[in-house]
Amino acid sequence: MNPTKRVEAAREAAERAYAPYSKFKVGAAIELNNGDIITGCNVENVSYGLSNCAERTAIYRAIAEGIDLSNVKAITIYTPTEQLHSPCGACRQVMAEFFSADTQVSSANRHDITHWTVGSLLPESFSF
Ligand SMILES: O=c1ccn([C@H]2C[C@H](O)[C@@H](CO)O2)c(=O)[nH]1
Ligand SMILES: [Zn+2]
């Protein structure tokens, strides 16, 4: 595991966030078992409900690039804020779709990092 590499990649991705409405910039970095990193940032819209979170941007980018998400080691999100922030409900559901329940999910800022798993963030997730 290389949390520093993911934190740095997520921090750089947060700098690319398009968040003129909320001013809340988020970056995400998915690390694969082979060490490859796929990043995402939040992308907002003047029609606010169309905004996409950093986590889902990274996951959808990976899908679009044909990356096998059964090989995910961990996902880290980064916010340039004083508090740490956990992923929203929509992103938890999308993570549950593509990542196994034991995949590590981390949230970092410039001071701290905290860790969960997909299963702990969305217990008893919907499926059929
Ligand atoms: O886990 C989260 C929570 C929020 N956001 C984005 C959505 C929106 O652009 C901004 C404020 O909600 O932060 C993320 O990217 N990830
Ligand atoms: Zn989200």
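Quick reminder: no glycine exception, Cβ is built from N, Cα and C everywhere.
Straight from TrEMBL, the features:
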DOMAIN    1-128  domain 'CMP/dCMP-type deaminase'
BINDING   Asn42, Val43, Glu44, Asn45, Val46, Ser47, Tyr48  substrate binding site
BINDING   Cys53, Cys88, Cys91  Zn(2+) binding site
ACT_SITE  Glu55  active site, proton donor
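Features as recorded by TrEMBL, highlighted on the structure.
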residue	record	Cβ neighbours (10 Å)
Asn42	substrate binding site	25
Val43	substrate binding site	16
Glu44	substrate binding site	18
Asn45	substrate binding site	12
Val46	substrate binding site	8
Ser47	substrate binding site	7
Tyr48	substrate binding site	9
Cys53	Zn(2+) binding site	21
Cys88	Zn(2+) binding site	13
Cys91	Zn(2+) binding site	25
Can you list which of the binding-site residues Val46, Ser47, Tyr48 have their Cβ under 6 Å from some atom of ligand 1?
none
Same-chain residues at least 6 apart in sequence whose Cβ lies under 8 Å from the residue listed as 'active site, proton donor':
Val26, Ala28, Gly40, Ile75, Ile77, Pro87, Cys91, Val94, Met95
Given Val43, Glu44, Asn45, Val46, Ser47, Tyr48 as the binding-site residues, which ones have a Cβ positioned under 6 Å from some atom of ligand 2?
none
Under DSSP, is Val43 (substrate binding site) part of a helix or a strand, or is it coil?
strand
Give me the sequence-ordered set of same-chain residues, not including Cys53, Cys88, Cys91, with a C-beta within 8 angstroms of the centroid of the Zn(2+) site's C-beta atoms.
Ala54, Glu55, Arg56, Pro87, Gly89, Ala90, Arg92, Val94
Taking the recorded substrate site as Asn42, Val43, Glu44, Asn45, Val46, Ser47, Tyr48, identify the other residues of that chain whose CB atom sits within 8 Å of the mean position of the site's CB atoms, giving them in sequence order.
Tyr18, Tyr21, Gly49, Leu50, Ser51, Asn52
Looking only at C-alpha atoms, tell me how far Cys53 (Zn(2+) binding site) is from Asn42 (substrate binding site), rounded to the nearest Å.
4
